[in-house]
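A quick write-up on the structure given underneath.
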Amino acid sequence: MNISIISIGKLKEKYLKQGIAEYLKRLSAYAKVEVIELPDEKAPENLSEAEMLIVKEKEGIRILDKISDDTHVIALAIEGKQKSSEEFAVSLDRLATYGKSKVAFVIGGSLGLSSEVMKRSNESLSFSKMTLPHQLMRLVLLEQVYRAFRINRGEPYHK
(Lines of atoms letter the chains of each structure in order from A and count residues from 1; the text may use other names and numbers.)
(Lines give C-alpha, C1' and ligand atoms only; values in the text may rest on other atoms or scores of the structure.)
Protein backbone atom coordinates (compact mmCIF):
# COMPACT_ATOMS: atom_id res chain seq x y z
CA MET A 1 0.00 0.00 0.00
CA ASN A 2 1.21 3.50 -0.87
CA ILE A 3 0.09 6.07 1.67
CA SER A 4 0.47 9.82 1.27
CA ILE A 5 -0.18 12.34 3.98
CA ILE A 6 -0.79 15.63 2.26
CA SER A 7 -0.83 18.57 4.61
CA ILE A 8 -0.85 22.33 4.46
CA GLY A 9 1.87 24.18 6.33
CA LYS A 10 5.51 23.59 7.12
CA LEU A 11 6.24 21.72 10.31
CA LYS A 12 8.60 23.72 12.52
CA GLU A 13 8.44 21.99 15.90
CA LYS A 14 11.42 19.69 16.41
CA TYR A 15 9.55 17.31 18.74
CA LEU A 16 6.82 16.76 16.14
CA LYS A 17 9.40 16.18 13.40
CA GLN A 18 11.13 13.59 15.60
CA GLY A 19 7.87 11.78 16.34
CA ILE A 20 6.89 11.76 12.68
CA ALA A 21 10.32 10.44 11.66
CA GLU A 22 9.98 7.63 14.22
CA TYR A 23 6.58 6.52 12.92
CA LEU A 24 7.69 6.78 9.29
CA LYS A 25 10.58 4.45 10.17
CA ARG A 26 8.23 2.00 11.93
CA LEU A 27 5.73 2.10 9.07
CA SER A 28 8.37 1.31 6.45
CA ALA A 29 7.99 -2.39 7.32
CA TYR A 30 4.31 -2.28 6.32
CA ALA A 31 3.81 0.31 3.58
CA LYS A 32 5.40 3.05 1.55
CA VAL A 33 4.46 6.23 3.38
CA GLU A 34 5.30 9.76 2.35
CA VAL A 35 4.49 13.10 3.94
CA ILE A 36 3.88 15.93 1.50
CA GLU A 37 4.03 19.41 3.00
CA LEU A 38 2.42 22.16 0.95
CA PRO A 39 2.81 25.88 1.67
CA ASP A 40 0.00 27.56 3.50
CA GLU A 41 -1.59 30.64 2.01
CA LYS A 42 -0.38 33.78 3.73
CA ALA A 43 -3.34 35.58 5.22
CA PRO A 44 -3.80 38.45 7.66
CA GLU A 45 -5.69 38.13 10.94
CA ASN A 46 -9.44 38.85 10.99
CA LEU A 47 -10.32 37.51 7.56
CA SER A 48 -13.83 37.94 6.22
CA GLU A 49 -15.80 34.82 5.29
CA ALA A 50 -15.11 35.52 1.61
CA GLU A 51 -11.37 35.89 2.25
CA MET A 52 -11.35 32.62 4.24
CA LEU A 53 -12.96 30.84 1.30
CA ILE A 54 -10.33 32.22 -1.07
CA VAL A 55 -7.52 31.02 1.20
CA LYS A 56 -9.06 27.53 1.48
CA GLU A 57 -9.62 27.38 -2.29
CA LYS A 58 -5.98 28.29 -3.04
CA GLU A 59 -4.73 25.70 -0.56
CA GLY A 60 -7.23 23.21 -1.99
CA ILE A 61 -5.81 23.63 -5.49
CA ARG A 62 -2.35 22.76 -4.15
CA ILE A 63 -3.74 19.66 -2.44
CA LEU A 64 -5.69 18.44 -5.47
CA ASP A 65 -2.61 18.85 -7.68
CA LYS A 66 -0.91 16.13 -5.59
CA ILE A 67 -3.73 13.56 -5.90
CA SER A 68 -3.98 11.16 -8.83
CA ASP A 69 -7.31 9.91 -10.16
CA ASP A 70 -6.77 6.39 -8.81
CA THR A 71 -6.09 7.54 -5.24
CA HIS A 72 -8.55 6.86 -2.42
CA VAL A 73 -8.76 10.17 -0.54
CA ILE A 74 -9.54 10.45 3.16
CA ALA A 75 -10.07 14.00 4.38
CA LEU A 76 -9.35 14.72 8.03
CA ALA A 77 -12.10 17.04 9.18
CA ILE A 78 -13.79 17.74 12.49
CA GLU A 79 -17.17 16.86 10.93
CA GLY A 80 -15.86 13.52 9.62
CA LYS A 81 -16.76 10.07 10.91
CA GLN A 82 -15.15 9.04 14.17
CA LYS A 83 -13.78 5.50 14.40
CA SER A 84 -12.11 3.42 17.05
CA SER A 85 -8.57 2.24 16.33
CA GLU A 86 -9.96 -1.20 15.51
CA GLU A 87 -12.57 0.23 13.11
CA PHE A 88 -9.88 2.32 11.44
CA ALA A 89 -7.71 -0.80 11.07
CA VAL A 90 -10.60 -2.66 9.42
CA SER A 91 -11.21 0.20 6.98
CA LEU A 92 -7.53 0.30 5.96
CA ASP A 93 -7.53 -3.48 5.54
CA ARG A 94 -10.65 -3.27 3.34
CA LEU A 95 -9.00 -0.69 1.10
CA ALA A 96 -6.08 -3.06 0.54
CA THR A 97 -8.42 -6.01 0.01
CA TYR A 98 -10.38 -4.13 -2.66
CA GLY A 99 -7.26 -3.10 -4.54
CA LYS A 100 -6.96 0.48 -3.37
CA SER A 101 -3.18 0.59 -3.34
CA LYS A 102 -2.96 4.39 -3.23
CA VAL A 103 -4.41 6.17 -0.21
CA ALA A 104 -4.02 9.85 0.59
CA PHE A 105 -4.91 11.40 3.92
CA VAL A 106 -5.48 15.12 3.56
CA ILE A 107 -4.94 17.60 6.39
CA GLY A 108 -5.96 21.19 5.73
CA GLY A 109 -4.47 24.35 7.10
CA SER A 110 -5.75 26.34 10.06
CA LEU A 111 -8.96 27.23 8.18
CA GLY A 112 -9.72 23.64 7.16
CA LEU A 113 -10.27 22.10 3.74
CA SER A 114 -11.91 23.60 0.67
CA SER A 115 -15.24 22.35 -0.61
CA GLU A 116 -13.46 21.03 -3.72
CA VAL A 117 -11.13 18.88 -1.63
CA MET A 118 -14.10 17.60 0.37
CA LYS A 119 -15.93 16.73 -2.88
CA ARG A 120 -12.87 14.83 -4.16
CA SER A 121 -12.57 12.89 -0.90
CA ASN A 122 -13.94 9.36 -0.79
CA GLU A 123 -14.49 9.66 2.94
CA SER A 124 -14.01 12.05 5.81
CA LEU A 125 -12.42 11.05 9.11
CA SER A 126 -12.42 12.83 12.46
CA PHE A 127 -10.14 11.98 15.36
CA SER A 128 -12.11 14.06 17.83
CA LYS A 129 -14.84 16.64 18.19
CA MET A 130 -12.12 18.81 19.67
CA THR A 131 -10.11 21.10 17.46
CA LEU A 132 -6.51 19.90 17.23
CA PRO A 133 -3.56 21.75 15.68
CA HIS A 134 -3.13 20.59 12.10
CA GLN A 135 0.61 20.12 12.74
CA LEU A 136 -0.12 17.70 15.59
CA MET A 137 -2.58 15.76 13.42
CA ARG A 138 0.24 14.46 11.24
CA LEU A 139 1.81 12.71 14.20
CA VAL A 140 -1.51 11.42 15.56
CA LEU A 141 -2.47 10.12 12.12
CA LEU A 142 0.85 8.32 11.60
CA GLU A 143 0.56 6.70 15.02
CA GLN A 144 -2.95 5.46 14.20
CA VAL A 145 -1.88 4.15 10.78
CA TYR A 146 0.97 2.27 12.47
CA ARG A 147 -1.42 0.96 15.12
CA ALA A 148 -3.82 -0.18 12.37
CA PHE A 149 -1.13 -2.22 10.62
CA ARG A 150 -0.16 -3.84 13.93
CA ILE A 151 -3.80 -4.65 14.71
CA ASN A 152 -4.38 -6.10 11.23
CA ARG A 153 -1.34 -8.37 11.57
CA GLY A 154 -2.25 -9.48 15.07
CA GLU A 155 0.95 -7.99 16.43
CA PRO A 156 1.15 -6.66 19.97
CA TYR A 157 1.00 -2.89 20.42
CA HIS A 158 -2.60 -1.77 20.41
CA LYS A 159 -3.56 -2.69 23.97
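Backbone N, Cα and C atoms are what each Cβ position is placed from, and that goes for glycine too.
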Figure out which of GLY108, GLY109, GLY154 sits with LEU76, PHE127, SER128, LYS129, MET130, THR131, LEU132 in the S-adenosyl-L-methionine site per Swiss-Prot. GLY108
Residues near SER128 (S-adenosyl-L-methionine binding site) in space but at least six apart in sequence (CB under 8 A): ILE78, GLN82
If you measure every Cα to Cα distance among LEU76, GLY108, PHE127, SER128, LYS129, MET130, THR131, LEU132, the residues said to bind S-adenosyl-L-methionine, what is the biggest one in Å? 16
DSSP secondary structure for LEU76 (S-adenosyl-L-methionine binding site), reduced to helix/strand/coil, please. strand
